[in-house]
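Report on the structure given below.
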């Protein structure tokens, strides 16, 4: 006979979103059951953010050796020990893993069940030999790599963004299907580590960012040796003597590209298989579980967060949604998830970051829009470090309310946080005019943007007339 548990909260999925909900609820003394069928930490720790950023860090060191001549230091070709690079990646994962471990959550008072979960009714989940009848449920099962319908793909050896971390030999030639954020990040990393890399993209590379921002990053990849081919259609793939052969439809013709390794980085799809959603009355589609603005599913007792609902598939989005669900499920407070306040970052070099509305979206929603752009070349710190590619662009209403911002350049991901807060709070650009940024830092660019917005007013006829009038008083 199955054991029956009756917690206040049952969380399905131990990725970043699910762990955040479980930890917060346990901190409030709420009985919580956490169900995970695979690895604690989810995609972020095991196959996503953490290993990719560790790999990018190693690749950045290799590139620094190549480009040291700019600073009067002898440059050269780096010697890369790929096994050691991957050992570094795994060491970083091991350092972070205790934060997401079963032991930690058990110590917090969470009941952790390592099994697959499925709804057997609207209010009961089965996990192994346990039945969980909770007051509220949170589905946070994440996503998995999407495999496009390419002829021969299933019969041809290939890597995904989940399995590439099992490599212990540097690919001679890595072909990547997909020119999105992950595809471009890994393309640059492997190129810097010594692989020949070809990116195959059906549309515009980095299409999630404004074209003028994406163009800066793609130009940098090409300068470093990454071959970016777009728009192209991959018609078929098959085994070849030295790896894989990829048939490409391009410019009205068809060519064959051979590579030692093939990586499929064509996006992700939500993990909704085998959850028994129909039995719980939970609506879903290939894009994910349907939720309202408060992150509730069509079953009012069940919430869903993170990649499983599609849309903004970011670790920090899942974390933010987790906080909203805790407020709603535990305190019965009204909450609304606004995707416009979620920053988006691609960690190429230069980085791309954006939050809120881009210019086109802003003009479709607002009658009068102002756009200010400040190039990194105007920043003294960027000049000192000989890293001036990129710019900050701010989109505002006519009165200066910040609607969105986009940054392409070094440390864009670090800089976008202030603009994310500004968008979320509906701040005015005058906030950045009052910013006292240390000199020399890239943060000064925000103040330059504010001055650029106000300059026409401050140097106009009215301002000059006031100054002339005040001269009469001494």
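Each residue's number is its place along the chain shown, starting with 1.
Glycine is treated like the rest: Cβ placed from N, Cα and C.
For the NAD(+) site that TrEMBL gives as 178, 179, 180, 181, 182, 183, 184, 185, 267, the extra residue drawn from 201, 258 is 201. Among the recorded positions 44, 49, 53, 307, 314, no residue is found with its Cα located within 10 Å of the Cα of residue 184 (NAD(+) binding site). Take the recorded positions 44, 49, 182, 184: by the count of other Cβ atoms within 10 Å of each Cβ, the lowest one is 49.
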